[in-house]
Amino acid sequence: MRFFRKTSLYLSLFLYFFLYESSMAANTIRRGESLRDGINHKPLVSPQKTFELGFFSPGSSTHRFLGIWYGNIEDKAVVWVANRATPISDQSGVLMISNDGNLVLLDGKNITVWSSNIESSTTNNNNRVVSIHDTGNFVLSETDTDRPIWESFNHPTDTFLPQMRVRVNPQTGDNHAFVSWRSETDPSPGNYSLGVDPSGAPEIVLWEGNKTRKWRSGQWNSAIFTGIPNMSLLTNYLYGFKLSSPPDETGSVYFTYVPSDPSVLLRFKVLYNGTEEELRWNETLKKWTKFQSEPDSECDQYNRCGKFGICDMKGSNGICSCIHGYEQVSVGNWSRGCRRRTPLKCERNISVGEDEFLTLKSVKLPDFEIPEHNLVDPEDCRERCLRNCSCNAYSLVGGIGCMIWNQDLVDLQQFEAGGSSLHIRLADSEVGENRKTKIAVIVAVLVGVILIGIFALLLWRFKRKKDVSGAYCGKNTDTSVVVADLTKSKETTSAFSGSVDIMIEGKAVNTSELPVFSLNAIAIATNDFCKENELGRGGFGPVYKGVLEDGREIAVKRLSGKSGQGVDEFKNEIILIAKLQHRNLVRLLGCCFEGEEKMLVYEYMPNKSLDFFLFDETKQALIDWKLRFSIIEGIARGLLYLHRDSRLRIIHRDLKVSNVLLDAEMNPKISDFGMARIFGGNQNEANTVRVVGTYGYMSPEYAMEGLFSVKSDVYSFGVLLLEIVSGKRNTSLRSSEHGSLIGYAWYLYTHGRSEELVDPKIRVTCSKREALRCIHVAMLCVQDSAAERPNMASVLLMLESDTATLAAPRQPTFTSTRRNSIDVNFALDSSQQYIVSSNEITSTVVLGR
């Protein structure tokens, strides 16, 4: 028995090492070995099975090619082809290392159809080996030195892979270009190529045919390509490109791309139809999805508006115009471009006047610049251009330096945001005319503002004198009010803690459990409502910071006479928030009503509102994922208290990021209950003819039909959740193809790319599991049907539990946040009213209190 056990052990070890050696050898071919096509053909496989190299036939073709493709996924996209111009007609191909040390591909007649074509520096080529790596690189090297002799990365076809080095030599003009396939099923060299232009500042160029430019990326500034304005938004597209510096011994520099997440499978490809795409593998959908493509619009087409013309994407079509100081050469024919109206001083040979510069902002800089890297001062750059009569424009870009344009300005494009500033050289009369017009407009506006300001100041002083004259306790005869001056002592305050009735425009409001402040006390606390104490303005009116005599900091919301909100909202806050006590709801300390003054007094929030941090690029990093998730949980608990656990069942109806305040410890506090409604114990839904809320946060049934319920708040919470995770406003994408943040989130969710929605500032450090769960929950909350949305108890459970099962959400269709589209679609009778606040115009709560 012992003999058999030993024999079995030895046999197992032998088989293990044999299989191990076989698997290790599966990615290499040594001298004397070969890879053969045919029925029993087995491709070479990289160590982690990421890539394979072997023979294939594209589509329905019978031609055979040697290529590299992805190995461990269903869609085995081909990324490199050896014999793309010389296919083999049958399955007789053989890959081997020849006697001269070259890697060769032979057909059935032993004819070389492809070779690595290198000159051997040694007579002993027996130590050469070729292997496929997990990067997709096919490398011929020597076993004793492991030095690459030849590699496929230096001879690309149509695909740029991560870690591939794209060589460009500004001195010799050499560059490695990626050439498209001829068709979808024909790998032979096509009509389009993509590469780095070796002249000027490095930029990626897409050529058609014999080097006719079709698209370019704009100059590389060591961080982004300046002609791709959304590059800073596409984080995974941006953070990975690098340009080696300084040049190597041959004068070459190299572009590389290393993604922030190495586990993501991605590739850049130039297609046979003349577009460049970045494709990513979607494991959920089991397919490649397009992440970005160029050219992406009409204005991206190279030099669409001709020389000295500029293209602007207004609406869906690109609109051409001449830059200021130029006129069309041939009206209606933009291919001929524009020409200068007034010659420059040096062209007229006169000594009177001086050429000036007109600045164009947020533009794609023209092509064919002359870099002056040693000039980094704006004045030096300007002077360099002025001294050269051929200079038409200059620009100073961080990471590049000064750039001069001595030729025609071509391929100009106007962006909504991003881009660079270009200084156009014009005759003094052209700039002077433009400057005079601007000065006239500015002077007119300033005079108007000053006159309005003087009038407003006089009116305010008159009104303040009138108000303060009767602003002490019990002296106002127009109202029936009992007021306590709470700045004196706690004893005085407690004496008025019982039920106090005040009359507001003939309507009795019971302030049970809510102290009432005198106007005098608040005026002292806020230093007579001085401008320095103003924290902000909302739909209600201005909000002031104050300090009571006992040292407590307060925030005073003062109802403005021109407020979009009025007495009903004022009453609502008094009635509702005074009865609510929860750590995630803002605390109302009291109110004041004297004469025409109506004020609410809150606890002061030193960290202002959530949007103060969330939408400010300089402050986004201060709220990391741990803090954001804590804020999300706090808001959810506050809503659950309102919907289920408070003495009153309350629907907020205006939940948004600016109505979430942050205390000293960054705990979230839901605020602004002016639009809230009380629900009965068994009431599930109500209808209103007075639709209130904020565009982008209103649920479909509420905005369209006036129906509201606790599920209306759930919808708003879903939008808020997407904003917190992404760091984007819900209205920030309304001009994009997705129409809204909800539409963009749904697109990423269905394509298995939800992690791309996460704020780039926290994407690397956040809990991916929690972030994806938050996005999934948000998608459930913003479903069109209120019945299909979860309640807040379920939402909180899904957020806090790793084991909770999350249902598949239905596609939301009500995703547009455009004001005009919502107005058009309101299907309500003429008696219905709309009270709508907007994050872009005003906020119903201040930035801080």
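Each residue's number is its place along the chain shown, starting with 1.
Heads up, the Cβ atoms here are built off N, Cα and C, so glycines get one too.
Feature list (source: Swiss-Prot):
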type     : residues      : note
DISULFID : Cys299-Cys311 : disulfide bond
DISULFID : Cys305-Cys320 : disulfide bond
DISULFID : Cys381-Cys402 : disulfide bond
DISULFID : Cys385-Cys391 : disulfide bond
DOMAIN   : 295-332       : domain 'EGF-like'
DOMAIN   : 529-814       : domain 'Protein kinase'
TOPO_DOM : 26-438        : topological domain 'Extracellular'
TRANSMEM : 439-459       : transmembrane segment
(request) Starting from Cys311 (disulfide bond), work out which of the disulfide-bonded residues listed here (Cys305, Cys320, Cys381, Cys385, Cys391, Cys402) have their Cα within 10 Å, and give them in sequence order. (result) Cys305, Cys320
(request) Provide the three-state DSSP residue tally for the domain 'EGF-like' (295-332): helix first, then strand, then coil. (result) 3 helix, 15 strand, 20 coil
(request) Tally every other Cβ atom lying within 10 Å of the Cβ atom of Cys391 (disulfide bond). (result) 20
(request) Enumerate same-chain residues with a sequence separation of six or more from Cys320 (disulfide bond) and a Cβ-Cβ distance below 8 A; give 'none' if the list is empty. (result) Arg304, Cys305, Gly306, Gly309, Ile310, Cys311, Trp334
(request) Return the single residue from the disulfide-bonded residues list (Cys299, Cys311, Cys381, Cys385, Cys402) that has the minimum number of other CB atoms within 10 Å. (result) Cys381
(message) Can you work out which residues elsewhere in the same chain, 6+ from the ends of the domain 'EGF-like' (295-332), have a Cβ less than 8 Å from its Cβ atoms?
(response) 206, 213-216, 275, 338-342, 358, 360, 363, 367, 408-414, 424, 426-427, 430-431, 434
(request) Provide the three-state secondary structure of Cys391 (disulfide bond) computed with DSSP. (result) coil
(message) Please compute the mean pLDDT of the model over the topological domain 'Extracellular' (26-438).
(response) 89
(request) Please state whether DSSP places Cys402 (disulfide bond) in a helix, a strand or coil. (result) strand
